[in-house]
Structure formats: C-alpha cells, structure tokens
Amino acid sequence: MQKQNIVILGSTGSIGKSTLSVIENNPQKYHAFALVGGKNVEAMFEQCIKFRPHFAALDDVNAAKILREKLIAHHIPTEVLAGRRAICELAAHPDADQIMASIVGAAGLLPTLSAVKAGKRVLLANKESLVTCGQLFIDAVKNYGSKLLPVDSEHNAIFQSLPPEAQEKIGFCPLSELGVSKIILTGSGGPFRYTPLEQFTNITPEQAVAHPNWSMGKKISVDSATMMNKGLEYIEARWLFNASAEEMEVIIHPQSIIHSMVRYVDGSVITQMGNPDMRTPIAETMAYPHRTFAGVEPLDFFKIKELTFIEPDFNRYPNLKLAIDAFAAGQYATTAMNAANEIAVQAFLDRQIGFMDIAKINSKTIERISPYTIQNIDDVLEIDAQAREIAKTLLRE
C-alpha cells in the first residue's frame, strides 16, 4: 500500500498535533507531506525536525523567514513557504491525498475551500467553513467532486452512526428516506454546568479554559464553557447531514463517553462511544472506510460509574439558543455571530469583559448587522469584517 500524503492545515494546534500522533502511530500508511501554521516558529521547527515534511508554511512572513533559516542551519531539506496564497496552494497540491483542515477561525476558510475546489479528500475540523459558508461550501463539495469527512468528535460520531448511503452523501443525505428520525448532538455542558447562575459574573478565564473532559485550545475551551461550541456544531450538523430543525436534538451528557447519537424511525438509537480523545475521530476519517490504530486507550466499561443526560438550560447557555436562532435567520447571522464570538472570547481571555458579556456582544452584533443574502465568499468575508468591527465597537461602549 502506497503511503498517503497528508497536508495538515493548523499542524501546531491541538487537532494538528493529534493528527501527527496518528501519523506517528502509522508510519507505513501516512506521510506528513505539508505542515501549515500561523507564526509559531518553535513548534513548527520541532515538527519539521521530527516528521521531515516536503513543505512547511507559516501565515506570518517574518516567522517563515526565521523558520527557513533555522531549518537550513540544521540541514533539513523542507521547503518553507509564507503567506495565505502559498497555504491555499498547498491545500490544493496535486501530490496531496488528504487535507486535514484544522486552522481555527475564519483564517481556515480560504485554504479549506481551496482544497475542496481541487477535489481533495477533506478531513473537516474547521467549524467556520460551514458556520459562515454552509450552502456555498456544500455546493462546492458537490460541484468539484470533493470528499468531505467530519473530524469533530460529535459529527464524526453521527457520521459513524448513519447508514453507508448517508455517509456517501454528506451534505445531501435524505435522512427521512433512510429511516433517520433525529440527530442527537451531545455536549458535556462545560465546567460550569452545575455552577449557580448568580456566580457566573465571577467566572475567570482560568476557570473557563479548564475543560473537565477534553484537552483543547483556549478559544474552544471557552466556547465549550458557554456552549457556543455546541451552537456552532448544531449549525455544522444541519449542513453536514442536511437536517431540518425538527430533525435536531441537543442533549447535555457530562461524561463525554457517548459522542452523539442517531434516532431511527423503528425506535433504535445508534451511538458511537469511546474515551474523549480526538485521535479516534481523526484516525477514523484518515482511514475511512477502513480502520487504523490511533493510540487511544480502549474504553473500560467497568470504570464508567454512570451515564447522565440533561436538557440544556438556555438561561445558562444563551449562546446555544443564539446559534439555533441564527441558523433560522440565515447565513449572514451565523457569519456575524461567529466573527463577534471570536472577538468577544479574546476580550474575555484578555480580561476586558466578563463571562456573561460574551453572549451579549454576540447577540448585539447580530442585531446591528443588516439581513443580507450571501451569494459568494466575498460576501462572507465582508460580513465577517463588519461583525468584527461592530463587536470591537461594542467592547468600547
């Protein structure tokens, strides 16, 4: 079997590192062909030393220059590229077999679309591609013959729980025709699911980034605490699985053992379970339709004391309700919400605003954006930019 060339968009981030771990566990199957990052020279340098990719790219031009000099000094032949255009070209490289799209935020949008338009097999971990570009993105997947495989643990669990016919029609699967009645999205509820609401004003960034089950970056940890993460996943799930609002259900499951479920019309519920480790869904997408070793501890059922399920309280999680409503309002609203949330979360991490202010900034930003029908990527980027400016203005008010 010929080794698969993997391009990792966001190799220095949490998902990127987990992807490299799966590659390391399967050196006979996969090669880290190209590694892409932002400006973290040291992390990228270490990855290049260890995995010897053909290419390494950094968005920051100065950082790329430093990386190039360091690699030359150590006689590492990796070719270093810089800037967004080079990253988009790597995402569409003719020698690339699979693209791990895991750059966080709107920055990951163009490279991911570039991979789709090149007809690549895209392992999707970048939420923004669907949150901001849902219809455009799904249409591009179909028009360019790209293969989309969801990496997010919840969407991957849903994917694994669907019939093969649905797996082959991501974005266009007719759920009701295949006997599916509901998609159940599970979430841990974050670290504050039992915290009294009156204490929410005192929540610190340190408390918010300490996720009880998953190892994640700061931004996504805060999103998990506010359940914006689940809101974004709700939006993604509706696009990925062609699901109506009536075909969606969101449940809090504190143990994060069941990663999501699918209800069928005959009363069956099919679920995917496992230890909360992102290497499982990463390995599943890389090897699909086969399986490969991920290096994950097997689930020990005797250590699971209980599995509990709680209905989400929108007073506790206003961002979740906001995301559900934003999808109903249209693509402009989900794009604006996502952009505002990036600004608001960073402001919270920088101690400029309180924990409860994140949802307020997001909601007010959507209110101030004029309803607009998105027709192309430029429209998306325009609304994204507008929403960021509005959110920054709200921070100053």
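Heads up, the Cβ atoms here are built off N, Cα and C, so glycines get one too.
For Thr12, Gly13, Ser14, Ile15, Gly38, Lys39, Asn40, Asn126, Glu128, Gly217, the entry in Swiss-Prot reads NADPH binding site, with the evidence type sequence analysis. Remark: Asn40 (NADPH binding site) has Thr12, Leu58, Ala63 as non-local neighbours, by Cβ distance under 8 Å and separation of at least 6 in sequence.
Counting every protein chain shown, the number of other Cβ atoms lying within 10 Å of the Cβ of Asn229 (1-deoxy-D-xylulose 5-phosphate binding site) is 28. Summarising the annotation, Swiss-Prot assigns 1-deoxy-D-xylulose 5-phosphate binding site to Lys127, Ser153, Glu154, Ser188, His211, Ser224, Asn229, Lys230, Glu233 and lists sequence analysis as the type of evidence.
If you look up Swiss-Prot, you'll see Asp152, Glu154, Glu233 marked as Mn(2+) binding site. Counting only same-chain residues at least 6 apart in sequence, those with a Cβ under 8 Å from the Cβ of Glu154 (1-deoxy-D-xylulose 5-phosphate binding site) are Leu185, Thr186, Gly187, Glu233, Ala237, His259, Ser260.
Between the two most distant C-alpha atoms of the annotated NADPH binders (Thr12, Gly13, Ser14, Ile15, Gly38, Lys39, Asn40, Asn126, Glu128, Gly217) there are 22 Å. DSSP assigns Glu154 (1-deoxy-D-xylulose 5-phosphate binding site) to a helix. Proximity of Asp152 (Mn(2+) binding site) to non-local residues of its own chain (separation of 6 or more, Cβ distance below 8 Å) is seen for Leu124, Ala125, Lys127, Glu233, Glu236, Pro281, given in sequence order. The Cβ of Lys127 (1-deoxy-D-xylulose 5-phosphate binding site) has 21 other Cβ atoms within 10 Å, all protein chains considered. Same-chain residues that are not part of Asp152, Glu154, Glu233 yet have a Cβ within 8 Å of the Cβ center of the Mn(2+) site turn out to be Pro150, Ser153, His155, Asn156, Leu185, Asn229, Lys230, Leu232, Glu236, Ala237, Ser260.
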